[in-house]
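See structure below.
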Ligand SMILES: Nc1nc(=O)c2c([nH]1)NC[C@@H]1CN(c3ccc(C(=O)N[C@@H](CCC(=O)O)C(=O)O)cc3)CN21
Ligand SMILES: CC(C)C(=O)C(=O)O
Ligand SMILES: [Mg+2]
């Protein structure tokens with residue numbers, strides 16, 4: 001009996017660093033559920049991020065702060081069941097890694113063990129250095145996240161561009177170098193000036209993945225609902241919409257309602 005299973009070349013944390021070395025840009029997108037992840041993976045997206053943005057787009061919260069570790073594990077395990085190729089990175093949610101390194105490690109281990117994900121992502125630099133170290137020491141790959149860090153929204157008060165001032169830019173550069181030195185395999189840079197992304201990307205050997213970070217990042221990430229045009233009220237300058245799914249879905253669903261009301265659906269062929 002032949003096990004004629006299709007062979008996929010899986011993306012690994014090492015292949016991402018190699019992609020940077022070879023000048024190949026990295027594509028990353030969020031997914032939070034099985035059906036969506038299946039489509040994203042089959043379209044050859046390199047990295048799937050189970051983002052804590054699930055708090056916004058899945059659960060309808062105002063911020064990313066309320067989502068829990070259990071909820072992130074539920075989303076991540078659904079995504080893992082769908083993928084054949086992509087590397088799956090999961091956000092550690094707010095409150096599960098900032099307080100102490102042991103708790104951070106415990107949170108990361110729960111994600112790896114209970115979801116089957118391949119790596120975790122944490123927001124911040126110097127402040128969470130010991131947590132990152134502890135997780136890396138356990139053999140869990142870590143991705144950093146600098147610039148606009150939504151879990152700190154109440155500290156900043158706005159979602160405006162970060163690191164425009166010299167002092168903040170210097171700290172971001174220092175943090176990026178620190179993440180590289182610790183052994184992180186990549187770093188998300190969110191909503192920072194394109195020139196800063198360029199300088200950071202040229203200063204470290206691990207890939208930068210931009211969202212509102214401009215063209216010099218080694219890769220790009222977007223929230224899938226934004227790319228598909230499902231979040232029509234979200235309009236930051238960095239967002240390119242590839243379709244208007246909100247309108248397409250609304251039209252389709254309205255047609256269904258009309259067909260039910262008018263007794264057009266189901267017809268003779270659509271019944272037993
Ligand atoms: N749907 C969605 N997409 C995202 O990219 C995303 C989330 N949700 N939730 C978690 C974080 C929050 N992120 C954000 C939030 C706001 C802006 C932003 O640019 N907002 C305003 C500008 C606000 C200002 O300038 O004060 C905008 O132009 O829409 C960017 C990234 C990125 N993440
Ligand atoms: C926007 C990306 C980078 C993210 O952290 C998320 O989706 O939670
Ligand atoms: Mg996030």
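From the backbone N, Cα and C atoms, a Cβ is placed for every residue, glycine too.
Since we're looking at a predicted model, the values are computed, not measured.
The Cβ of residue 190 (active site, proton acceptor) has 145, 146, 147, 148, 149, 150, 162, 210, 211, 212, 213 as same-chain neighbours under 8 Å, each 6 or more residues away in sequence. Look at TrEMBL and you will find 190 tagged as active site, proton acceptor.
Around the Cβ of residue 91 (3-methyl-2-oxobutanoate binding site), the same chain contributes 49, 50, 51, 52, 53, 64, 72, 120, 121, 122, each under 8 angstroms and 6 or more positions distant in sequence. If you look up TrEMBL, you'll see 52, 53, 91, 121 marked as 3-methyl-2-oxobutanoate binding site.
Residue 52 (3-methyl-2-oxobutanoate binding site) counts 29 other C-beta atoms within 10 Å of its own C-beta, drawing on all protein chains shown. Per TrEMBL, the feature Mg(2+) binding site maps to 52, 91, 123.
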What three-state secondary structure does DSSP assign to residue 91 (3-methyl-2-oxobutanoate binding site)?
strand
Quick check: with 52, 53, 91, 121 left out, which same-chain residues have Cβ atoms within 8 Å of the centroid of the 3-methyl-2-oxobutanoate site Cβ atoms?
30, 49, 50, 51, 54, 64, 72, 90, 92, 93, 145
Maximal Cα-Cα distance (Å) across residues annotated as binding 3-methyl-2-oxobutanoate, namely 52, 53, 91, 121
13
